[in-house]
Structure formats: C-alpha cells, structure tokens
Amino acid sequence: MPSLTHLDATGAANMVDVSDKAPTARTARAEGTIVMLPETLRLIREGDAKKGDVLGTARLAGIMAAKRTHELIPLCHPLLLAKVRVDCEPDPALPGIRITAEVKVQGPTGVEMEALTAVSVACLTVYDMVKAADRGMRIEGIRLLQKSGGRSGLYEAEPA
C-alpha cells in the first residue's frame, strides 16, 4: 500500500514539498450528480427558477471553485490552472443534473482536487438555486473519473 504523502514520520500533516518536481502536463476529470424531482428539473430546463440561470451559474461557480481549491482544502498547493471546463447536463433518467469538470495544468502536482472541488461546488450551487422548490435533492456520486500526468501516470475509474 502506498504511503500517505501528507503525513510526516510522526503522523503530523504537512504540505508536500514539490520544489524538486519538474512541471509536467497534468489533467483530471471528475463527475457528480444532483438528483431532484422531475418538476424541479423542468423548472431548470425551462429557465423558470426564481434565482435565474441555474446551469450557467453552477458552471461559473464550479470554475471559480477550481481556481480557489487551495483556499478550501488544507495542504493543497496553489496552482496556475491552464484550463477549467465545467459542464452541467440535464438528465431526465436521474432525474437531475449530471456535472463534469476537466482541469489542466502544467505544473509539479496534480489537479484531482481542483476537478473534484469544481464538481462539488457546482452541485451545491444547483441545490442553492432551487432549494425553495425541492429541499429533498441529493448530491451523489462525486468521484474522480480520470487523471493523467505525473509520476503515478494514468488513472481511469471503473464505469459506474
């Protein structure tokens, strides 16, 4: 089993020293869903939510969150992100919204946390914008889909 890189020999949490690591191209993709009543999904799709453009706002919130991950997650490095893409797709089969994020960087450490944070905050934003219509919404399945670059190479999640 690999060791936990954020713990020192005494078990204390520390920020990993990446000063000797060469910058490399790194990407990460994550996904999550927010499940809701069919009527709530209809409100979102038809643009009838009282707070405005739910999906556009959630997309921007996810992008902003990725850029601020180092302020939210202890021991996360601040990174100069090259790309953040957040997609919010209505899915009548849930019913709800399927949210995906892709993050890219040329840097010394990966962007998994940035992709996961983008998805998490986008889901929370959807909840906030339509909670008056449906307090029973569920945020589910937030997970890393893929990461590439760095010493550990490629990771791809098993299909859900």
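Along the chain as shown, the residues are counted starting at 1.
Backbone N, Cα and C atoms are what each Cβ position is placed from, and that goes for glycine too.
In sequence order, A28, A66, K67, T69, L79, L81, V84, V103, V105 constitute the residues six or more apart from E114 (substrate binding site) in its chain with CB-CB distances below 8 Å. Annotation comment: Swiss-Prot describes L75, C76, H77, M113, E114 as substrate binding site, evidence class sequence analysis.
The annotation active site is assigned in Swiss-Prot to D128 on the grounds of sequence analysis. DSSP classifies D128 (active site) as helix under the three-state reduction. D128 (active site): 14 other CB atoms within 10 A of its CB, across all protein chains.
Close to the recorded substrate site, the chain also has T69, H70, I73, L79, T109: residues not among L75, C76, H77, M113, E114 whose Cβ is within 8 Å of the site's Cβ mean position. Using a 10 Å Cβ-Cβ cutoff, L75 (substrate binding site) registers 12 neighbours. Separating the Cα atoms of L75 (substrate binding site) and D128 (active site) is a whole-number distance of 28 Å. Note on proximity: among C76, H77, M113, the binding-site residues of the record, the Cα nearest D128 (active site) is that of M113.
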